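Peer 1: Quick paste from TrEMBL:
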DOMAIN    A:29-138  domain 'PurM-like N-terminal'
BINDING   A:Asp31, A:Ser44, A:Asp75  Mg(2+) 4 binding site
BINDING   A:Asp31, A:Asp75, A:Asp215  Mg(2+) 3 binding site
BINDING   A:Ser45, A:Asp46, A:Asp123  Mg(2+) 1 binding site
BINDING   A:Asp46, A:Asp75  Mg(2+) 2 binding site
BINDING   A:His53, A:Glu267, A:Phe314  substrate binding site
BINDING   A:Gly122, A:Asp123, A:Arg149, A:Ser217  ATP binding site
DOMAIN    A:154-279  domain 'PurM-like C-terminal'
BINDING   A:Asp218  Mg(2+) 5 binding site
There are 2 protein chains.
Amino acid sequence: MSIQSEEAFLSLIDEHFATDSAALELGRGDDCAVLSQGGPFCVSSDLFLEDIHFRRSYFSPQDIGYKALAVNVSDIAAMGGRPLAFTMDLMIPSGLDRSFWEKFFSGMAALARQNDMPLAGGDLSRSDKLGVSISIWGTPGPSGRFIPRTGGNPGDVLFVCGEPGLARAGLSLLEKDGIKAAETFPQAVQAHLRPKPKTMVANLLSAAGTSSLMDVSDGLARDLPRLLGSKPGADLTVSPDMIHDEVIRFAEQTDVTAEDVFMVGGEDYALLGTAAPEAFKSKILTIPGVRALGRINDSGTITVNGTPFTLNGFDHFDA
Amino acid sequence: MSIQSEEAFLSLIDEHFATDSAALELGRGDDCAVLSQGGPFCVSSDLFLEDIHFRRSYFSPQDIGYKALAVNVSDIAAMGGRPLAFTMDLMIPSGLDRSFWEKFFSGMAALARQNDMPLAGGDLSRSDKLGVSISIWGTPGPSGRFIPRTGGNPGDVLFVCGEPGLARAGLSLLEKDGIKAAETFPQAVQAHLRPKPKTMVANLLSAAGTSSLMDVSDGLARDLPRLLGSKPGADLTVSPDMIHDEVIRFAEQTDVTAEDVFMVGGEDYALLGTAAPEAFKSKILTIPGVRALGRINDSGTITVNGTPFTLNGFDHFDA
C-alpha cells in the first residue's frame with residue numbers, strides 16, 4: 001500500500017519521531033519550530049539524493065534513512081558540537097509503499113534517538129526520485145567551544161580518526177557487485193551504507209585541545225587543502241599499517257595503490273584534525289582510533305611519503 | 001557557458017551573498033556555520049522543485065531564486081519573527097549556463113539583503129531537475145514573542161491580510177497561457193511568481209496582540225482548520241468587495257465562483273490570524289491590508305456565508 005496523503009505521511013512521521021523534547025519550545029506543525037537555546041549554535045545542511053548519493057538497489061530503506069541523517073550528524077561532530085535538532089525536506093516518488101517508509105523512518109529515528117535529537121519540522125513534496133535534504137543544528141560540546149577547520153598552525157601534528165578509503169572501496173564494490181559485496185568486504189560495504197558519526201570522539205578531541213577539526217566527506221586529497229587554508233602545506237606519511245585491511249585487499253584487485261585509495265577516498269566521514277605536538281602526544285593520541293598522519297607546514301606543498309601529491313578526491317559534483 | 005566545478009559555483013555564490021554578518025560567528029566553508037543568538041529561535045524548511053512548485057517556462061531565473069527564499073521568509077513572518085539566516089541545498093541539472101545562475105542568485109540575494117539575512121551554508125549536488133531546499137532561522141520580532149497558529153479562542157475575530165485566491169488564479173492562467181497571462185492578469189501572475197513575505201505587517205500584528213497567526217500556503221480551505229485546531233469552527237463572510245478584482249475576472253472565465261477561488265486558493269502567502277474583538281477593533285484593523293473574515297467558535301463546523309464549507313484546498317501532494 002502506498003501512502004497517498006500528506007496527512008498519512010505526517011502521522012507516520014509522528015509515530016517514529018517524538019514530538020516532545022526539552023530542546024523544542026514549539027514542535028512540528030506550525031510555520032516554524034521554536035527552539036530554546038541560550039547561546040551560539042551551529043547549522044549545516046546536506047542533500048541525499050537517489051542515484052547521486054545512494055542507490056535503492058543496494059541501500060535498504062533503513063540504510064537510506066540512517067545515512068541521510070548520519071552525514072549531517074557528522075558535520076556537527078566535526079565542529080566538536082552536540083546535535084540539538086534537525087529538519088527534513090522529503091522528496092517522495094510514487095511507488096514506494098508504506099513498508100518502505102516505515103523502514104526508512106525507523107532507520108533515521110534510531111539515529112535521532114541515539115543522539116537525543118528531535119525532528120523540528122520540514123516539508124514534503126512528490127518528486128521523480130527519492131531525495132532528502134536535512135538541516136541540522138547543534139550546541140557546543142562539553143568543552144564549550146566549536147572547533148573550526150582552520151585553526152591549525154605550522155608545526156602542528158595532522159591526525160585522522162576513522163578509516164580513509166574504506167567507504168570508497170565499499171562504494172566501488174557495491175557498484176560492481178551489488179549488496180553481495182558485503183560477503184567478502186563487510187566493513188567496506190558497511191562504511192559506505194552506514195557511516196558512524198564520531199560525535200563522542202570529537203567531543204574528546206575538543207576537550208583535549210584539538211586546534212582544528214573537520215569531517216572528511218570528499219576524501220583526504222580534497223578535504224586536506226580545505227583544512228590547511230590559503231597556503232596549504234603538509235608532509236604526510238601513509239604506511240600500510242595505517243590502512244584498513246579491506247582497503248588493501250580492494251586495491252590489490254584494481255590498478256590503484258592502497259595509498260591512493262586512502263588519499264582519494266570519498267564519504268569517509270573520518271575526522272581530520274590538527275593539534276600542537278605536546279597536546280597531541282599527551283592527550284590526543286590516547287583517544288581511541290587516532291593516528292598521526294604527519295605535520296603541517298607553510299611550504300605550499302602537500303607531500304605523501306616524500307612525493308608531492310596531486311590527485312583529486314571524490315566529487316559528487318563530477319558528472 | 002555552463003558552470004562545471006563546485007568551486008566555480010561557490011565563488012559565484014560568494015559574489016552574491018555576503019560572507020560577513022553580525023548574525024554569523026562563523027560563516028560558510030566550515031562543516032557548520034555558527035550563529036550567534038541569545039535566546040529562543042524558530043526554524044523552518046521548504047522545498048522548491050521544478051515542475052512541482054515552479055516551471056522554467058514561465059518563471060524567470062530571478063523569479064525562481066526569489067520565490068525559493070520568499071516562501072521561507074513567509075514562514076518566519078507568520079511566527080511574528082525576524083529572519084536571522086538561511087541555508088540552501090541546491091539541486092543542479094546540467095545545461096543551465098552561468099547567466100542563468102547569475103540571475104537566480106541575484107533574485108535570491110536581493111530578498112536576502114532586504115531582510116538583512118546571511119546565507120549560512122548549504123550543499124550542492126547535480127540532479128535531473130532543478131530544486132532548492134532552504135532552511136531558515138529567525139528570532140522573535142519587536143514584540144519579543146513568537147505567535148503560534150493555535151492561540152485563537154472561540155469569539156475571536158478571524159482576519160486575513162493579503163489576497164486569497166490571487167496566486168491560484170495566476171497559476172491557472174500561467175499554466176494555460178504561459179507568461180503572456182501577465183498582460184491581462186498582471187497582479188495574479190505576480191502573486192504566483194513573486195509572493196511578498198509580510199514580515200513587517202506580521203511584526204505589527206504581533207505588537208497589536210494577535211492571538212494566532214499563520215501563513216496561508218495551501219489555501220484558506222486547507223489552512224483554516226489547521227489554525228483552528230482539534231475542533232474547528234468558524235462562521236465566515238466572504239463578499240465580492242473582499243476579493244481581488246483579478247480573482248473575480250478569473251472566476252468569470254471558469255465554472256467556479258470567485259468565493260471558491262478565494263477559499264481554495266493555494267500559495268497565497270497571505271497571513272491568517274485571530275484576535276480578541278476589542279484588540280481587533282482598536283488595533284489590528286488599523287494595520288494596512290487587514291480584513292475581518294468572521295468569528296471563530298467551537299461548533300465544529302466552518303460556514304461560509306451561512307453554508308457549511310467542505311472544499312479541499314490546493315495540495316502540492318496531489319498527483
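Every residue gets a Cβ built from N, Cα and C, even glycine.
Because TrEMBL annotations are produced automatically, they should be read as predictions rather than curated entries.
What's the neighbourhood like for these features in this structure?
Peer 2: Each residue of the domain 'PurM-like N-terminal' (A:29-138) gets a DSSP state, and the totals for helix, strand and coil are 34 helix, 43 strand, 33 coil.
Here the Cβ of A:Asp75 (Mg(2+) 4 binding site) has 29 other Cβ atoms within 10 Å, regardless of which shown protein chain they belong to.
Shown in sequence order, A:Ser74, A:Asp75, A:Ala77, A:Ala78, A:Lys198, A:Tyr269, A:Ala270, A:Leu271, A:Leu272 are the residues of the chain, 6+ apart in sequence, with a C-beta less than 8 angstroms from the C-beta of A:Asp215 (Mg(2+) 3 binding site). A:Asp215 (Mg(2+) 3 binding site) falls within a strand when secondary structure is assigned with DSSP.
A:Ser45 (Mg(2+) 1 binding site) has a Cβ environment of 28 other Cβ atoms inside 10 Å.
Reduced to three states, the DSSP call for A:Glu267 (substrate binding site) is coil.
A simple way to gauge crowding: the CB of A:Gly122 (ATP binding site) has 25 other CB atoms within 10 angstroms, across all the protein chains here.
Neighbour density for A:Asp218 (Mg(2+) 5 binding site): within 10 A of its CB lie 22 other CB atoms from the protein chains shown.
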Peer 1: Counting Cβ atoms within 10 Å of each candidate's own Cβ, which of the binding-site residues A:His53, A:Arg149 comes out highest?
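Peer 2: Of A:His53, A:Arg149, the one with the most crowded Cβ is A:Arg149.
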Peer 1: Could you state the whole-number distance in Å separating the C-alpha atoms of A:Asp123 (Mg(2+) 1 binding site) and A:Ser44 (Mg(2+) 4 binding site)?
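Peer 2: Rounded to a whole number, the Cα-Cα distance is 17 Å.
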Peer 1: Between all pairs in A:Gly122, A:Asp123, A:Arg149, A:Ser217 (listed as ATP binders), what's the biggest Cα distance, rounded to the nearest Å?
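Peer 2: Max span of the ATP binding residues, Cα based, is 31 Å.
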Peer 1: Among A:Ser44, A:Ser217, all listed as binding-site residues, which has the most CB atoms within 10 Å of its CB?
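Peer 2: In terms of Cβ crowding, the pick is A:Ser44.
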Peer 1: Check the Cα-Cα distances from A:Ser45 (Mg(2+) 1 binding site) to the binding-site residues A:His53, A:Gly122, A:Arg149, A:Glu267 and tell me which is shortest.
Peer 2: A:Gly122
Peer 1: Across all chains shown, how many C-beta atoms besides its own are within 10 angstroms of the C-beta of A:Asp46 (Mg(2+) 1 binding site)?
Peer 2: 25
Peer 1: Looking at the binding-site residues A:Ser44, A:Asp46, A:His53, which ones sit with their CA no more than 10 Å from the CA of A:Ser217 (ATP binding site)?
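Peer 2: Hits: none.
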